[in-house]
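K.L.:
Take a look at what TrEMBL says about it:
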type	residues	note
DOMAIN	11-44	domain 'Centromere protein J C-terminal'
DOMAIN	84-112	domain 'Centromere protein J C-terminal'
DOMAIN	121-154	domain 'Centromere protein J C-terminal'
DOMAIN	159-186	domain 'Centromere protein J C-terminal'
Amino acid sequence: LHQERRKHEEEVQEKIEYHDGKVEEVLSDGRRILTFRDGTKKEISSDKRMTTISFSNGDVKKIMPDQRVIYYYADAQTTHTAYPDGLEVLQFPNNQIEKHYPDGTQEIVFPDHTVKCLYSDGLKETFFPDGTVVKVEKNGDKIVVFSDGQREIHTAQFRRREYPDGTVKTVFCNGRQETKYSTGRVQIKDGEGNLILDK
């Protein structure tokens, strides 16, 4: 610590103390460090293209040469990066990453590698690591595509399961069941499970 302090003092070329308690140091490499009364430190690179602000609560804000603004929230251990094109990325301590695009689209990558996309038109898509994809329309209709090729469709009127062999089983909101097999066979049961048609 003593060596660090001495090295730091050797680097300081100019030190200005302001009436409001702010202290400005100009270092030999051209960097400027402003220390405020509340403990906040602002460091400006020698080329003035990068600024780092270290707040007394542990938060750190960096303004990068490419105009990205990176803010680290110490208490939440979360990093928020804002890009000049409007993209915002949040990284959480559990490795969850959220991307907020300028068009209103949000993409969330969960620690288990599940990816959820929320589109500005109301569509929601979730991609699971096992290959399953779930789409939920703005009106609540849901389509599930399983990795084995099966599809499930849920609407207010029915739930339908489509199998890779062409078989389609539909259960209507009144309980009626209709199964159409790939062979052409059709089976219909009423709401109580009684067989109405089998041909």
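Note: Cβ is positioned from N, Cα and C throughout, glycine not excepted.
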K.L.:
At a C-beta cut-off of under 8 Å, are there same-chain residues at least 6 beyond the domain 'Centromere protein J C-terminal' (121-154) that contact it? List them, or none.
P.N.:
112-115, 160-164
K.L.:
Under the DSSP assignment, what numbers of helix, strand and coil residues are found in the domain 'Centromere protein J C-terminal' (11-44)?
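P.N.:
Each residue of the domain 'Centromere protein J C-terminal' (11-44) counted once, the result is 1 helix, 19 strand, 14 coil.
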